[in-house]
Amino acid sequence: MMAVLRVFLFGIFAIFIGLLFMGIGRKVIARIQLRYGPPFYQAFLDVGKLFARKSITHNFVMDLGMVMALGGLLATMLFVPIAGHVAVKTSTNLIVIMYLMAIGYLGMAMAVAASGNPNATIGVSRALTMMLGYEVPFFTVILGLIIVNGTSSLELISQSQAGSILNWNMIKFPLAFIAAEIALQAMMGEKPFDAMIAPAEIASGPMVELSGKYLGLAFLTHAVSIFVETAIIVNLFMGGASNIFTFVLKQFEIYLITIFIEAVFPRFKIEQAVKFLWTVPIGIAVLQLLLILL
Amino acid sequence: MNSIVFLVVIPLIAAFLSLFLEKLNKLAMYIVTLFNLIFSITVLMSGNIPFNVAIGGWRAPFGINFVVTDITIYFLLLVNIAALISITVVNNIKEYQFYSFYFVLLAATNGMVLTGDMFNFYLFTELSTFAIAGLVAYKRDRLSTGAALKFLILSSTASLFSLASIGLIYKTLGTLNFADIALKLSKLNQASYNLILILFLSSMLVELKIFPFNLWVVKSYEGSITSVNMFTHGMLGTAGIYGAIRILLIVFPNMYSTNISKVLIILSVFTVLIGEVGALKEKNLVKILAFSSMAQMGVFMFGIALGSFESIKGALYIVVSNYLAKLVMFLVTKQYSNAVESKNYIDMKGLGRKYPILAISFTIAALSLMGMPFFAGFWGKFSIVVSALALGKLSTIGIAILLIASVVEGVYYLRISHTFFAEKDVNSVNISRVYSLIPFVLAAIILAIGIYPNFIEQILWNVIDEIKNAPDKYINIILSLK
Amino acid sequence: MTKVFILSSLSLVFVGLYGVLTRKNIVKILIALNIIETGINMLLVAFGYIEGGLTPILQSDLSIANLDKMVDPVPQALVLTSIVIGLGTTAFALALAMRYKNTHNSISIRATDEEGVNV
Amino acid sequence: MIELLLVPLITTLVLAFFIRYKRITWTLFLAANGFVLYKLYSIYGIWNLSYKVDTAYKILGAELTLGVSNNPIGWYFAFFSALITLLISLFSIGFNKNSRSNVSVIWMLIIFSNLGIFFAQDWVTFFMMWELMGWTSFFAITNGKDKALDGAKYYLALSLFGAALMLIAISVLAQYTGTFQIFASAYGLLQIINSSTKLGIGILLLFLTTFLIKSAIFPFYMWPQKVYSEGPEDYITFMSSVMIKYGIYPMAIFIVPVVGSADLPMILNTGNVLQYTIGYLGAISAILGTILAIFQTDMKKLFAYSSVANMGYILLGFSSMTIVGFEGSLFHVVNHMILKAAIFLTLAAVVFRTGESEMHKLGGLVYRMPLTFMTFLLGIIAAAGIPPLNGFGSKWMIIQALMSKRMVVFAIAMIFASTGAFMYLFRALASIFLGQLPDRYKDVKEVPPTMAIPMFIMMVIMLLTGVVPGVVMKPLTSALKAVGYNVEVASWTTLEGSLKNSVIDLKIVFYMFVAGVIISALMYFFGNKSEKVPQNDNYTAGEYPEEWGVDADRFNYSYAFYQPFKEMFEPLLESVSIDGFFASIGRNFEFLSSTIQGLFKRGEGAVLLFSIGVLLLILGGLII
């Protein structure tokens, strides 16, 4: 019973933090662009409204896919240590986390493809292409860290950086951090890597046919993914944290970097994005890997 | 067992009689062939093998003699069985010439196998090629006439070479008897030995279909009717193989110390390559079989030229497999091409679905030729490969090329089999199921040898044993030396 | 004397071979074949020939006493047989050549064997 | 032991007799497979079973003995392939109702050779079964259809070529070691490598090439797409799931132990030269297979390339030469068997109902074939290696092994391939089942129960092996232990990696996934009601195009799905065209063939060539 409650709490927490970040993010972007922007709790309002609305669906795959999307990301989130706490006792294996994340994306992709709108499918095709673009540099970075630490457990990697700030992987392996940051930008689908959404071209791509609670679930999925991705980076590079507040703060720092870049950059075409991801971050990551290996 | 002479005499008498028998010729053909076959079986069963028959009472090195040893009797059986199977596809032939030529061929091939004398061997060879040329020309059209004439010219030229070689043998050794030659050859100087061997070999390679002596093969096969193809393959070919074994391995065993065996290896590899690759693009089934029989003879020659007993055993397996398989294939080709009135295998599409036994027999034969396991040819291929790899660089390269050529063979044969089994409606075609019987039995034998080689292995070891202990098992018997 | 025989017979063989290889006319090829054959036959006879030898016929005591001076009869017997064979071959080949002329409308060995194509 | 081989053989004969009665043959086929599975189950653990035949056939001076024996790794392969075969044969009963040809006879013969390969005790038996499998596959692939001939010929030529290489290798090996026994000759080969490295590596490479051909690794990666796209779908299912593993089995029992213990030059202290050779071949196959799969428009070709990529993973696992990698590879063998069988069964079902295998001509089939869709969905989740299903565990172990051996290039290749796998797998899912249903498939129905049941069982198996990998890992580790590897028998749900603190419990992963889905489902039910509306309601913005006299066009985004990506890779793929190389070999042979035919057609140069031949002989005999 305790475990169930714990799992539930972790889930709710992730959703809450994710939505909060989204709201703050919007505000920050607006301020950078010299707009006033919505209030920081706008994301909660949006989700609430969406869930209250009636919605339409075309077949059971849409329902199944959306549930799978959020479920998959929540499951991933349960494997990520948050300030040393994990929902259940596991080895917090990085590879497991990376693969589990994919099920969420798969569910999302399935749901929007089932909606039957070509724009949505185009969006998914771009997203998957982008995924191939960022997974390779991101994994190269992870590989270096795994080899250094001799473990693929996220928890152990974050523990190994305990102590002063100089122990942080961010300081020890700055190149890896830069590469990971670029990959993270693509992972979150923020500019300049947001070709899969591209409202002007393909009418927000995946979201085009979603309405009501389906869109709401998509929002929540995005929120959880923000949480998970920033949490992974914090664990990998910033040594985790001793309490949850610090942890969230560190997450927010990471998110802010992303938001700053998002606010000022235009959009890559998809093949430009992949080419970029396969030259710059991979180059940096491989350099770091060579430094580690030799 | 002086009556062994009848194997040659009776067909020759029949050849004369065939001029007058007219409609009874077909019956006579069966009677004579059956006589030959039954007689050979009796000889096999009689249990007094080996024996030596001096014709007219003249003792071995001086007179003409017929020898029956293990090798002889097996090949005698092969020739006569092939004859019997081949004549089953002879029908609607009224011309007595055909029958005369057939009887001459039967006499000549039996004689080739039986004789223990160089000059007689030459005579019988000449006679058999003569008969084959006549049979090839039977169809009377442009192709067969041209083929027969060209074959005749080539084989006459070749036989003159062997005549020269016989003259040289007589000049240097003063004898023409196989056993006596074998005994005395070792005293000869190397150059004369080689010259004799080369002259004789070059005439024999024509019959063994080795490149570049084999330009007659494809044309003759293409230009003649199926029964003649089977004669060429089963009778002349088998007798030629006998000649190769007897003369190269027993009379000229010193060949392996010269470079000639290496040249033979190279030539046989080329033969295989040319045979297999030549068949790749061919559509005419008979021509494909011609190319393939060339290639198989190349493999046989390769095994012989390697000269180790294991490779010779492999070569003998190849002989058995090729003998059976080609008979099956010609029979199937005959039935199918008659049914669709074309020799192009693509026209035979779908026949295998209506007449599966013929097509399955063909496939089994093809697989055996490819050297697939569970079929007779595999044991031959395996032996040859293993012994070739032990015998140095040249044979290693040779066997590698041979194996790659067998890939090509596999592709074109199974393509044909596939065409037989392809989906197509063939309701208008009619083949009597009786014709499936012989191919089926032969294919079953191929399969049986492939699965259970013990029986044939024993026979082949008898043959090898005779080659190994030639002085005891052959020479001394004939010359009555103790 | 024997050497002259052997040399001349060899030259006949090569002349014949040259003919077979270069002539196009089938009849000429057959003639060339016969020339080779003659050469080979002469060769065989020459092998058995002894200078100043006797006829190999046993008719008197004298001949029995001079057995080793007799010419070897075996090659002559062989040659007789081979002449017969050669005759048969030539006859048969000529018969075929006649049919060749009918079917191909030519006696060139290079005439195509394909049906329906005129030379 | 012998009845295991005899039953398929006798069944083949019986099937051949009844070939015109489909119902009887396929039922018999199913029964025989059931027997084989039962028999295999009953001989588990009795590792001293064997059957020998002494022939009088003399080779290398000794009489040849052929034999089969129950060896643990062979059992592992045989058992799971028999299981999959049983399911496929159940599927075949329904699938072949309307087919014109009956592939069951030749298929049974392949099953015979299948068992023979896995249980062969000596190389001769192995080779015999191997060759048998080669030509029987040819007939099974063509199955009387001319359009399948090209692919089948390609496959046949490759397998005959491979078999030729293997025959040479076997013969040379037997000459040096004096034995045909597989395990004894592995030891002998090791000694040859240590004493004369060149010869040993030569033999090893000959063997390796043969096995690579059968498992569709890099230079020979073309045959699956040629073969799978045209063969009979149910047989192709068997081929893609079971037969492609024939090359892996001998690698596992022969190549890996030899390479792993040979004393060869090392690279960067991480592995020896051969290890890296195997690894690079695997990595190239994984990457190339993935990229090519992404560009296919025919679904069978797509999954053919996916098989190539998966074979690459298995080779990568071997190349690590650690026990975790080895276990992972063997585990992946079975996982791939299961998931490929599931996927190809659904493809067969789609072809059965629609007769179409070009993905862009399909679409929206989820409306008509929900069960097939679910099987396919689980299949691709498994194929992508996503946790609660079965592809994950083995991939994870392989990556762990590669990372612990610091083989970074291979690890990155692996990640590239499995991320790329999402791309092509999703593309297949979206194009076949999702999107809008074309009008011509309006009346398509779900497959009949005989076909649905095996698909359902496949789903269960995939989930079961995903959550409880012990069902495969326990027999596997026991088998490895039985042949002398130093391993612990695995537990039911946990997998052990080779890095620090890397034990994962797939049961927990599954629970977490369920927990996540429950939370998310709660959210879903918490939201307001949704209404199910037809596609056009939204798509045509509520208007009715029929009223204006036009039909609503249905179009899916599925033809050039990854066009930008394709444009990136096209120049690369054009520059490395193995297919062109093989095709040019074929062309050269054909050209040579015409030349030779020309030579033999005229035939007037016979005497000239004869003279040349005599001269050659004189050259050889008198002058040299």
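Backbone N, Cα and C define each Cβ position, glycine as well.
The domain 'NADH:quinone oxidoreductase/Mrp antiporter transmembrane' annotation in TrEMBL covers B:116-399.
The annotation transmembrane segment is assigned in TrEMBL to B:6-21 (among others). Residues 28-29, 32, 35-36, 39-40, 76, 96, 99-100, 103-104, 106-107, 110-111, 114 of the same chain lie 6 or more positions beyond the ends of the transmembrane segment (B:6-21) yet place their CB under 8 Å from a CB of it.
The transmembrane segment annotation in TrEMBL covers B:28-51 (among others). Proximity of distant same-chain residues to the transmembrane segment (B:28-51), defined by a Cβ-Cβ separation under 8 Å and at least 6 residues beyond the stretch ends, is recorded for 1, 3-4, 6-7, 10-11, 14, 17-18, 21, 67-70, 73, 76-77, 80-81, 83-84, 87, 90, 99, 102-103, 106, 110, 473-474, 477.
Taken from TrEMBL, the feature transmembrane segment applies to B:71-91 (among others).
Feature annotation from TrEMBL assigns transmembrane segment to B:98-115 (among others).
The transmembrane segment annotation in TrEMBL covers B:121-139 (among others).
Annotation comment: TrEMBL describes B:193-218 (among others) as transmembrane segment. Within the chain, the transmembrane segment (B:193-218) has long-range Cβ neighbours (under 8 A, six or more residues past its boundaries) at 125, 129, 147, 150-151, 154-155, 158-159, 161-162, 164-166, 168-169, 172, 185, 236-237, 240-241, 243-244, 247-248, 252, 254-255, 258, 260, 264, 267-268, 270-271, 274-275, 278, 287, 290-291, 293-294, 297-298, 300-301.
The annotation transmembrane segment is assigned in TrEMBL to B:230-251 (among others). Long-range Cβ contacts of the transmembrane segment (B:230-251) within its own chain (Cβ-Cβ under 8 Å, at least 6 residues beyond either end) map to 71-72, 75, 78-79, 81-83, 85-86, 89, 102, 105-106, 108-109, 112-113, 121, 124-125, 128-129, 132, 135-136, 178, 181-182, 185, 200-201, 204, 207-209, 220-221, 224, 293, 297, 300-301, 304, 312, 319, 323, 326-327, 330-331, 463, 466-467, 470, 474.
Feature annotation from TrEMBL assigns transmembrane segment to B:263-281 (among others).
Annotation comment: TrEMBL describes B:288-309 (among others) as transmembrane segment.
Proximity of distant same-chain residues to the transmembrane segment (B:355-376), defined by a Cβ-Cβ separation under 8 Å and at least 6 residues beyond the stretch ends, is recorded for 292, 296, 317, 320-322, 324-326, 328-329, 331-332, 335-336, 382, 406, 409-410, 413-414, 416-417, 420-421, 431, 433, 435-436, 439-440, 442-443, 445-447, 449-451, 453, 456. The feature transmembrane segment is assigned by TrEMBL to B:355-376 (among others).
Summarising the annotation, TrEMBL assigns transmembrane segment to B:396-414 (among others).
Under the heading transmembrane segment, TrEMBL lists B:434-452 (among others).
For the transmembrane segment (B:121-139), same-chain residues at least 6 beyond its ends with a Cβ under 8 Å from one of its own Cβ atoms are 95, 97-98, 101-102, 104-105, 107-109, 111-112, 115, 145, 147-149, 151-152, 155-156, 159, 162-163, 166, 203, 207, 220, 223-225, 228, 231-232, 235-236, 239, 243, 247.
Through the fold, the transmembrane segment (B:434-452) approaches residues 85, 88, 320-321, 324-325, 327-328, 331-332, 335, 355, 357-358, 360-362, 364-365, 368, 373-379 of its own chain, all at least 6 residues removed from its boundaries and within a Cβ separation under 8 Å.
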